[in-house]
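Visitor: There's a structure below that I have some questions on.
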Number of protein chains: 2
Amino acid sequence: MELVTGVKMEKPMEIGTEVQVRGSVYALRDMGNLIFLILRRREGLLQGVISGEGAKSYLKDVGEADTIEISGILSENEKAPGGVEVIVDGVNVLSKATGEMLPLPISKWRLQTSLEAKLNYRAIALRNLRERAKFKLQEGLVRGFRDYLYAHGFTEIHTPKLAARGAEGGANMFRLDYFHKPAVLSQSPQFYKQMMVGVYDRVFETAPAFRAEKHNTKRHLNEYISLDLEMGYIDSFTEIMEMETGYLQAAFALLKAEYQKELRILDLELPKVEAIPAVRFSEIKELVAREYGHKIKNPFDLEPEEEVLISRYAKEKWGTDFVFVTHYPTKKRPFYAMEDPEDRNYTLSFDLLFRGMEITTGGQRIHDYHELLEKIASRGMTTEGMEQYLMAFKHGMPPHGGLGIGLERLTMKLCQEENVRETTLFPRDMSRLEP
Amino acid sequence: MELVTGVKMEKPMEIGTEVQVRGSVYALRDMGNLIFLILRRREGLLQGVISGEGAKSYLKDVGEADTIEISGILSENEKAPGGVEVIVDGVNVLSKATGEMLPLPISKWRLQTSLEAKLNYRAIALRNLRERAKFKLQEGLVRGFRDYLYAHGFTEIHTPKLAARGAEGGANMFRLDYFHKPAVLSQSPQFYKQMMVGVYDRVFETAPAFRAEKHNTKRHLNEYISLDLEMGYIDSFTEIMEMETGYLQAAFALLKAEYQKELRILDLELPKVEAIPAVRFSEIKELVAREYGHKIKNPFDLEPEEEVLISRYAKEKWGTDFVFVTHYPTKKRPFYAMEDPEDRNYTLSFDLLFRGMEITTGGQRIHDYHELLEKIASRGMTTEGMEQYLMAFKHGMPPHGGLGIGLERLTMKLCQEENVRETTLFPRDMSRLEP
């Protein structure tokens with residue numbers, strides 16, 4: 001019997017001391033009696049320098065993409081990545097690559113290659129510093145979401161992705177056989193998070209959602225990460241927008257504090273989120289139509305072009321990258337959306353647009369049992385399969401509302417990317433199930 | 001246009017001041033001219049007291065499970081839940097329940113009802129204070145996992161749950177039609193987290209995993225949350241066990257610091273995890289067989305009864321609730337498991353047992369491309385569908401390993417529950433797809 005007692009925190013390396021450093025060989029620059037050996041590590045790049053007549057002998061077994069350990073004195077060097085380098089006096093190979101040429105030149109600053117190639121060689125493409133920096137920022141966005149909500153009294157929940165029926169209905173569900181019973185993959189944790197508001201008052205979840213939508217666009221994924229929250233005891237749906245604004249402020253503060261390296265690698269400036277304008281759907285729709293000579297085709301929803309124009313307007317007039325569009329038409333919102341008591345053609349709901357694209361849908365929900373039943377009936381829907389959901393309302397639910405944020409879209413817009421696949425580790429779309 | 005500027009932190013309520021408090025009516029005790037009104041809130045229970053001749057008039061519209069706001073002076077009272085109560089001078093109904101009797105007596109301290117009933121009325125059962133406390137602890141276990149790993153240089157990843165093929169192979173996969181192509185639901189992020197070790201050195205994921213296993217036992221779920229980590233540049237698989245031990249230490253410290261209320265409600269003591277014994281599979285198997293007169297039926301794996309006996313032995317001899325069992329037979333481990341160079345019949349792998357049950361499987365993985373190909377061939381497997389996985393190894397992977405923890409099982413054993421469904425919000429098993 002042996003005893004396992006835990007892990008010590010790694011000590012930071014000190015200048016002038018002997019260090020052992022491990023990493024993957026990112027680049028080898030052989031200048032004769034002077035060899036630069038660049039290691040790729042999770043912290044970034046680290047340069048090793050080997051000089052003198054025997055320099056080459058250290059490297060006879062070392063090739064690109066091998067993982068190795070170098071030892072030597074850590075020294076300052078302004079010109080080296082990170083301002084330090086190791087004066088190497090020993091090299092130890094940990095694991096050999098095959099030596100075959102890499103399918104993509106990952107040690108270039110920018111991977112000048114097609115999205116298709118990046119996705120086909122995903123495990124390799126992501127080793128590029130700029131590619132991987134995007135997903136490190138994505139980590140910060142999720143982490144900020146959770147930390148902000150923990151601090152505001154939310155409870156994290158895990159709801160099932162296999163279900164007998166979908167929350168939103170419609171045709172866009174993946175169907176499967178579950179031990180000889182029909183099942184679907186969850187499009188949204190909507191019903192579950194509402195039920196859990198009855199338990200914890202405030203809940204959130206960060207989990208995959210699945211949509212069998214037959215869209216092959218730059219903004220659609222068939223599997224994505226949804227940052228969901230739902231909160232009870234609200235006086236107005238404005239409180240949900242306030243919570244999202246607060247989240248964005250906290251997340252960007254976290255990125256600024258702990259993800260500076262990645263922001264620099266990607267040369268990104270964080271957008272301002274001190275205040276986000278909120279405008280009514282019907283007003284802004286007409287406003288941008290007039291302002292930019294756009295012809296309104298669908299009065300009940302926003303077309304992608306209109307989202308772009310509204311964001312353009314917000315940027316030009318108010319100087320903001322974010323804009324809330326509120327009071328969407330009842331006709332286009334799900335049955336559980338609460339209608340505006342002042343005009344029942346509209347709902348107490350909102351979308352958040354970020355640089356021309358919807359990244360969030362949210363709003364207040366109906367909390368009264370009888371009102372919910374009437375709404376279901378008036379839409380010609382059946383309550384079959386909703387018994388458990390309705391039971392929560394029968395036995396008392398506080399006034400509540402919530403939202404869902406598309407993580408990959410938020411990351412995409414933050415990173416100024418043009419395609420949501422650029423900010424998805426392993427995207428799933430109509431034609432892509434691998435890798 | 002209006003401006004949304006974020007959320008202010010809620011101020012704690014002060015004794016002796018006028019407060020407004022919202023909650024769900026948990027219990028109403030009418031003693032004539034003295035009425036106790038207990039609210040259920042996310043922070044716990046709060047008592048309101050209404051006295052005097054007009055007491056009843058405040059409550060003519062208030063019933064059990066309504067959500068209300070009370071106002072009054074916050075006062076100390078040792079006998080009230082939490083040591084405080086509100087001397088009520090106003091009651092405002094926010095949302096009415098129907099008044100129908102609750103299907104379960106949730107305001108009882110213990111829900112003395114069958115698991116079946118608790119699951120059938122899940123949205124209501126979870127409102128019971130003890131029921132919801134378990135899932136608050138579950139939150140702490142996940143939160144502790146992430147926070148510990150962030151602090152140790154791990155990057156959080158999100159890998160797809162829809163895939164063309166499974167990582168482990170075998171029959172236990174849910175299959176579906178993905179735009180006229182065959183797809184499966186992910187049993188494990190194994191291949192993806194290994195590929196991502198090539199990118200970030202250390203990665204983790206907390207996400208659902210799906211297993212179409214035809215087991216209807218107290219310990220199996222068909223959908224569960226897997227806490228996965230994978231770490232590169234290890235010298236030995238012991239480092240993975242050290243990381244898990246460190247995680248458990250950190251998680252229990254978090255529970256002690258921030259989830260004291262729930263630990264008290266459930267009357268739980270946290271197990272000791274300063275050191276966890278590690279014993280070899282073949283040795284401990286024989287040892288407990290001798291010690292407890294157990295007959296070994298399967299020399300290549302542990303039966304559930306053997307897990308119980310090993311935990312019993314660990315408790316009796318070493319005083320621990322946890323025990324690592326190491327060096328599982330190669331025959332029973334997946335192809336990517338690294339064999340022990342000293343005896344290739346065994347692998348550099350482990351399970352962690354907690355109070356009689358396996359809650360983790362982990363180990364070192366093969367990192368050499370050629371060795372991996374040979375292993376696949378020697379098992380009569382095909383590399384078809386593994387091209388992307390193998391590409392990562394072709395182009396260099398550090399020595400690495402990792403583990404997966406079943407969140408619901410960990411919670412179950414921590415809460416001393418007998419059935420894993422007790423610690424799953426909405427369990428999925430062979431006969432249950434709803435709610």
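Each Cβ is built from the backbone N, Cα and C atoms, and glycine gets one as well.
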Visitor: Which of these, A:GLU156, A:GLU274, A:GLU283, A:GLU358, does TrEMBL list as part of the ATP site with A:ARG211, A:ALA212, A:GLU213, A:ARG219, A:HIS220, A:LEU221, A:GLY406, A:LEU407, A:GLU408, A:ARG409?
Guide: A:GLU358
Visitor: Write down the single range among A:46-49, A:170-173, A:190-193, A:414-417 that appears in TrEMBL as region 'Aspartate'.
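Guide: It is A:190-193 that TrEMBL annotates as region 'Aspartate'.
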Visitor: Test of understanding: give the count of other CB atoms lying within 10 angstroms of the CB of A:THR361 (L-aspartate binding site).
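Guide: Neighbour count, Cβ to Cβ under the 10 Å cut-off: 19.
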Visitor: Using DSSP reduced to three states, classify A:ARG365 (L-aspartate binding site) as helix, strand or coil.
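Guide: In three-state terms, A:ARG365 (L-aspartate binding site) counts as strand.
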Visitor: Looking only at Cβ atoms, how many others are within 10 Å of the one on A:ARG365 (L-aspartate binding site)?
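Guide: The answer is 27.
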Visitor: Tell me the Cα distance separating A:ARG211 (L-aspartate binding site) from A:GLU358 (ATP binding site), rounded to the nearest angstrom.
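Guide: Given the Cα positions, A:GLU358 (ATP binding site) is 16 Å from A:ARG211 (L-aspartate binding site).
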Visitor: Over all pairs within A:ARG211, A:ALA212, A:GLU213, A:ARG219, A:HIS220, A:LEU221, A:GLU358, A:GLY406, A:LEU407, A:GLU408, A:ARG409, the annotated ATP binders, what is the largest Cα to Cα distance, rounded to whole Å?
Guide: 19
Visitor: Which state, by DSSP, holds A:GLU358 (ATP binding site): helix, strand or coil?
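Guide: Where A:GLU358 (ATP binding site) sits, the three-state DSSP reduction gives strand.
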Visitor: Quick one: Cα separation, A:LEU407 (ATP binding site) versus A:PRO81 (site 'Important for tRNA non-discrimination'), in Å?
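Guide: Answer for this pair: 31 Å between alpha carbons.
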